Amino acid sequence: MIIKPKVRGFICTTTHPLGCERNVAEQIATTRANIPESERDKGPKNVLVIGASSGYGLAARVTAAFGYGASTLGVFFEKPGTEKKPGTAGWYNAAAFDKFAKAEGLYSKAINGDAFSHEAREKAIELIKQDMGQIDLVVYSLASPVRKLPDSGELKRSALKPIGETYTATAIDTNKDAIVEASVEPATEEEIADTVTVMGGEDWELWVDALDKAGVLAPGARSVAFSYIGTEITWPIYWHGALGKAKEDLDRAAGELDARLGQHGGGANVAVLKSVVTQASAAIPVMPLYISMVYKVMKEQGLHEGTIDQLNRLYRERLYSTQGQNGELATDEAGRLRLDDWELRDDVQQACQDLWPQVTTENLFTLTDYAGYKREFLKLFGFERDDVDYEADVDPVAEFDVVQL
């Protein structure tokens, strides 16, 4: 079929299989350029990525496999394509990853199902025992609006809302490319609690606990989960909002898991990453405008990093750095690995603060990198690539080495 982008709200409802494959190939090429052959043996060897099909989770898997030659098992929840309808971008990303990894002679296997379920954990443990033995890195990168509690089956939903008072700010209506005033009502106590349940550290702990009890964690195994803190511009909706409470719970879990894994010479950390265009960030009010501003400023200063650049740096300069003194990782006072350091530079943030009140619908494309934001957004779904002929017929069915739960 011939597939064109169809955007509804902050989701593109169509995806392009070849475009997604080229995106993954590009991440692999970047990784090879960033991580020298001489450092290949310094990284992880057997890696489990929970939330492995898009965004930072996909980049974590690409970095492990193509930067360090690791065997990888990916867990995600995606929809396969059919003859009549394209699948989700994550499905095609995972299919492309599998194809490229196998061509390289690397072990690659995936589980498609609810990563919050006990069943997913059991299947992962079974595959690790059968194929990998033990794993030395567990990457936790789930971003989901809903979590089905594994014991009761109860559904909990996360809320992207402020706490205490209504938050009103300048934002972009991405459907109309217009600057609007966006207001978000504050979260109720129940919504805050549910957001912590969905996006907090509980499920990360359940995963590490299950892996540990099953004996599939290698001595010295590490685990990392991803977070974002941001700055004053996004704090009301993010760090000081319901989502921030969930991310604080992630910090709590990291402390518990660090103590547990530390008994065998390993450890756990939250990695705080920079803001990038992902399906997750597109859903957060104010983020598209903030990202459009910060991309422009950081590109002008030669500091811009995409998703894969961040993950390459996380592995190379933080998790597996040769600079680490006696195995100590360079963290902030809360034990977090900070990769938002360039974004949080005073000059970068001041430039964004100065830009923010000036942006109007008329100057949106000139004052900010909103054009770049839109392009990156569509690229997530396989569109806007110069090396793909979008008038050509493409097969929406992609089969690969995946266990369907």
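Every residue, even glycine, has its Cβ placed from backbone N, Cα and C.
Around SER53 (NAD(+) binding site), the same-chain residues six or more apart in sequence whose CB sits under 8 Å from its CB are GLY74, PHE76, GLU78, THR88, GLY90, TRP91, ASN93, ALA94, listed in sequence order. For 51-56, 77-78, 114-115, 142-143, LYS247, 276-278, the entry in Swiss-Prot reads NAD(+) binding site, with the evidence type sequence analysis.
Residues or ranges marked as site 'Plays an important role in discriminating NADH against NADPH' by Swiss-Prot: GLU78. According to its DSSP assignment, GLU78 (site 'Plays an important role in discriminating NADH against NADPH') is coil.
Within 10 Å of the C-beta of TYR228 (substrate binding site) we count 23 further C-beta atoms, all protein chains included. Annotation source Swiss-Prot lists substrate binding site at TYR228, citing sequence analysis.
Using a 10 Å radius centred on the Cβ of TYR238 (active site, proton donor) and all shown protein chains, the other Cβ atoms total 25. The annotation active site, proton donor is assigned in Swiss-Prot to TYR238 on the grounds of sequence analysis.
The recorded positions GLU78, ASP114 differ in how many other CB atoms lie within 10 Å of their CB, and the one with the most is GLU78.
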